[in-house]
Amino acid sequence: MPPKAAEKKPSTGGKAPAGKAPAEKKEAGKKTAAAATGDKKKRGKTRKETYSSYIYKVLKQVHPDTGISTRAMSILNSFVNDIFERVATEASKLAAYNKKSTISSREIQTSVRLILPGELAKHAVSEGTKAVTKYSSSAK
């Protein structure tokens, strides 16, 4: 005859009975406290790199009295990451088509022309050329 529902013992799933669990936790807590004091190295907080500071600087150059919300900054950061990835991928494909192992400014410029539409591509190319020229002259 099968046991009644009230008579069934709850399955512990291979764990210790509930009565002994607090004592084990205390011991484990003491061990971790001792280990944290000097045995193991603490992990630092992982840094997440964003374009937030650069976006903020550009915003202040264009509109000094305007602020930006955290959500808007997050959206702009995602946008910059997306465009960067698209340009890098396209430049990589162009270098592979031309059997080159190095991505140069020429591949970047061509990929920008392919990805961005019309007038936006022209402005991006001119600003990029200006930035590269400024960098080259200051590096000498």
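Yeah, the Cβs are placed from backbone N, Cα and C, and that goes for glycine too.
As the structure is a computational prediction, the values presented were derived from the model and not from experiment.
If you look up Swiss-Prot, you'll see 1-10 marked as compositional bias 'Basic and acidic residues'.
If you look up Swiss-Prot, you'll see 1-48 marked as region 'Disordered'.
Among the features that Swiss-Prot reports, SUMO cross-link is placed at LYS8 (among others).
Annotation comment: Swiss-Prot describes LYS8 (among others) as N6-acetyllysine, evidence class similarity to another entry.
Taken from Swiss-Prot, the feature SUMO cross-link covers LYS9 (among others), and the record attributes it to similarity to another entry.
Sequence annotations record features per position, and here Swiss-Prot assigns N6-acetyllysine to LYS9 (among others).
Swiss-Prot lists 11-21 with the feature compositional bias 'Low complexity'.
Residues or ranges marked as N6-acetyllysine in Swiss-Prot (evidence: similarity to another entry): LYS15 (among others).
According to Swiss-Prot, the SUMO cross-link annotation covers LYS25 (among others).
The annotation N6-acetyllysine is assigned in Swiss-Prot to LYS25 (among others) on the grounds of similarity to another entry.
For LYS26 (among others), the entry in Swiss-Prot reads SUMO cross-link, with the evidence type similarity to another entry.
Under the DSSP three-state reduction, LYS134 (ubiquitin cross-link) is assigned to helix. In sequence order, the list of same-chain residues 6 or more apart from LYS134 (ubiquitin cross-link) whose Cβ falls under 8 Å from its Cβ is empty. As annotated by Swiss-Prot, ubiquitin cross-link applies to LYS134, with the evidence given as similarity to another entry.
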